[in-house]
Amino acid sequence: MSKFIEPSVEEIKLEKVYQDMGLSDQEYEKVCDILGRQPNFTETGIFSVMWSEHCSYKHSKPFLKQFPTSGEHVLMGPGEGAGVVDIGDNQAVVFKVESHNHPSAIEPYQGAATGVGGIIRDIVSIGARPINLLNSLRFGELDNKQNQRLLKGVVKGIGGYGNCIGIPTTAGEIEFDERYDGNPLVNAMCVGVINHDMIQKGTAKGVGNSVIYVGLKTGRDGIHGATFASEELTEESESKRPSVQIGDPFVGKKLMEATLEAITFDELVGIQDMGAAGLTSSSSEMAAKGGSGLHLRLEQVPTREPGISPYEMMLSETQERMLLVVEKGNEQKFLDLFDKHELDSAVIGEVTDTNRFVLTYDDEVYADIPVEPLADEAPVYILEGEEKDYNTSKNDYTHIDVKDTFFKLLKHPTIASKHYLYDQYDQQVGANTIIKPGLQASVVRVEGTNKAIASTIDGEARYVYNNPYEGGKMVVAEAYRNLIAVGATPLAMTDCLNYGSPEKKEIYQQLIDSTKGMAEACDILKTPVVSGNVSLYNETKGTSIFPTPVVGMVGLIENVNYLNDFEPQVGDKLYLIGDTKDDFGGSQLEKLIYGKVNHEFESLDLSSEVEKGESIKTAIREGLLSHVQTVGKGGLLITLAKLSAHYGLGLKSSIDITNAQLFSETQGRYVVSVKSGKTLNIDNAIEIGLLTDSDNFKVTTPYTEISENVSDIKQIWEGAIAQCLTTQD
């Protein structure tokens, strides 16, 4: 008789306990078919988390198959803890992005902190030392006190974990829209570097080899966290606060260093982070990859308190834990290492040849499941989408007040400087950061070399809602341009797909179309997808977020010497590369004036992106350019203002465009500053101005003139978010 009081198999079926765990009637019946019997309480819980949307991608797997995943530089693609890409000299870059949206909505500090901790462990589990962190965040508008609280908590959580563990946060992006009220998006990315011969895989093989648990003792925090992340947020979600994990960055630091030492041991067979679904996913996935079985003796698992049941142990998402498989007879070597780092560890099982996932506690069997169906045979749902009949009529922008529009956009939190927030992050711990958070991608030197890794993270929402297919192309191209802007060669990307409920036809269609656009852009821009994450059911009280695919992209700089004087100077000439058209669908101007997305859209020419990108990258590396800025949110006038304010330089510009086109967000444009005495030879580059040593920012068109003090612009741009967060109702 079990020492733990749990529902019987009959109660699970009759009272439909499995539904509370997230399994549908059909999924429960499939579990019964796989087992040839009704599952017990622990087995039901295990299937529920492994077949959750968060772990199985059961609604998104068909779309993910569209993405190109191989390429010249790819060493390891999707399927492991993170992607691995060659950077030459027997070195590789390891990177991935993950979401922690639902936990951050309920407990913003811990939700964000554990999101950072989890993505760090994904990188470390491959054997790489992390070199930088990035994040992509979405919140509701800041005139709402709840959104202010969420923003403050998330930023504090990101900084609190990253700063303590000693990894710089070097880049990110934050946008604000009422569609994220109560449902923030917190996507964390980590980048690491490794030598080829140290790359690890999450595999369990070799009959008789031992399974070692290391890290924090298992508690009851985070139970069913993967299931919680696969549901819509409702008024009852607050009661699921225990589903939010608790992070400990100081233990995280110890675990990181111990793991990086453990990978140097030849006796290590495989290693995986205990992330979503905790011990269940890490152990069963390792067994599946190794084509093996596992027997875990759960009484050996280090626990925080007595009485924790097998069900709770297997579903707990206690943070700062790793699972290792080591060669039999060499266990003590690893246990001694972990003891040296003051970490709890234990041998909790062994690899078998049964192809079954067996869990016992004091010799009583609590689960006996075939490995392959559990890990690889979750149901895949192909639903029906519904093409929306978009209104594509043109809005009227002919009578806008340029000055008023300029200042309203400049101080909107989406466009305003994020330094007030980023200053809470340690940006240079480790002393290898070359370009910090600001106007373009971050650049971090590869220690001991003259190489550097450029990284960026970018998301699109209004554009994707505007036209999912074109928006999907745009988000990949935006990341590509940001790497080009620092002279890097884009190598590969990771993605996080943040959407509402796929069971709604319109949202399912958004997934179909946007991933098709992303895949096309990846193919043409030669940026294969090597890792990623899907976060669905981002809805609050029945209202979906905007479809928000996020792309993290890395690039290689073979020699950083050209960055020594890569900063705009007085006397540099400004050029605009790329045509400016009447493109306002999904823009900040459209939001400011009309509020709703009108669905007028442009078609992105990906081939021209490559041509412009190569020309600009060459000009940077030849030392012709002192700065490159992509034209983004708010359009050309806002881009020029940010350039002027960020560097404290005067600017004088004359541009032959209309008033509205000052705020057009036509894709594929760059503003470049050419060093004094240098000549730029790029097709269709138009000289538009000069950087000066005055405090004057002056932009003239045939129809208007803006003339303001740079210091005033800087004060408004840099102070806007702080003002929003300190304003009382």
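Placement of Cβ uses the backbone N, Cα and C atoms for every residue, glycine included.
A quick note: this is a predicted structure, and the numbers were derived from the prediction, not measured.
What Swiss-Prot says about this protein:
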ACT_SITE  HIS54  active site
BINDING   TYR57, LYS96, ASP495, GLY532  ATP binding site
BINDING   GLU98, ASN533  Mg(2+) 1 binding site
BINDING   SER99, HIS100, ASN101, HIS102, ARG121, GLN245, GLU317, THR318, GLN319, SER535  substrate binding site
ACT_SITE  HIS100  active site, proton acceptor
BINDING   ASP122, ASP273  Mg(2+) 2 binding site
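Features per Swiss-Prot, on structure.
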{"residue": "TYR57", "record": "ATP binding site", "contacts (Cβ under 8 Å, 6+ apart)": "LEU64, VAL534"}
{"residue": "LYS96", "record": "ATP binding site", "contacts (Cβ under 8 Å, 6+ apart)": "GLY81, ALA82, GLY83, ILE119, ASP122, ILE123, MET189, CYS190, THR494, SER531, GLY532, ASN533, GLY552"}
{"residue": "GLU98", "record": "Mg(2+) 1 binding site", "contacts (Cβ under 8 Å, 6+ apart)": "GLY115, GLY118, ILE119, ASP122, ASN187, ALA188, MET189, CYS496, ASN533"}
{"residue": "ASP273", "record": "Mg(2+) 2 binding site", "contacts (Cβ under 8 Å, 6+ apart)": "GLY81, GLY118, ARG121, ASP122, VAL124, SER125, SER282, ARG321, MET322, LEU323"}
{"residue": "GLN319", "record": "substrate binding site", "contacts (Cβ under 8 Å, 6+ apart)": "THR114, GLY117, GLY118, GLY215, LEU216, ASP221, GLY222, GLN245, ILE246, GLY247, ASP248, GLY252"}
{"residue": "ASP495", "record": "ATP binding site", "contacts (Cβ under 8 Å, 6+ apart)": "PHE67, VAL97, MET518, VAL529, GLY532, ASN533, PRO549, VAL550, VAL551, GLY552"}
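Under the DSSP three-state reduction, GLU98 (Mg(2+) 1 binding site) is assigned to strand.
In the three-state DSSP assignment, the secondary structure recorded for ASP273 (Mg(2+) 2 binding site) is strand.
A straight line from the CA of SER99 (substrate binding site) to the CA of HIS54 (active site) spans 10 Å.
In this structure, the CA atom of HIS100 (active site, proton acceptor) is 11 Å away from the CA atom of HIS54 (active site). Same-chain residues that are not part of TYR57, LYS96, ASP495, GLY532 yet have a Cβ within 8 Å of the Cβ center of the ATP site turn out to be LEU64, PRO78, VAL97, GLU98, THR494, CYS496, LEU497, VAL529, SER531, ASN533, VAL534.
In this structure, the CA atom of GLU317 (substrate binding site) is 13 Å away from the CA atom of HIS54 (active site). DSSP assigns ASN533 (Mg(2+) 1 binding site) to a strand segment in the three-state reduction. Here the C-alpha separation of the residue listed as 'active site' and ASN101 (substrate binding site) works out to 11 Å. Residues TYR57, LYS96, ASP495, GLY532 are the ones the record ties to ATP, and the longest Cα gap between any two of them is 17 Å. In the three-state DSSP reading, ASP122 (Mg(2+) 2 binding site) counts as helix. Comment: substrate site residues SER99, HIS100, ASN101, HIS102, ARG121, GLN245, GLU317, THR318, GLN319, SER535; largest CA to CA distance 20 Å, whole number.
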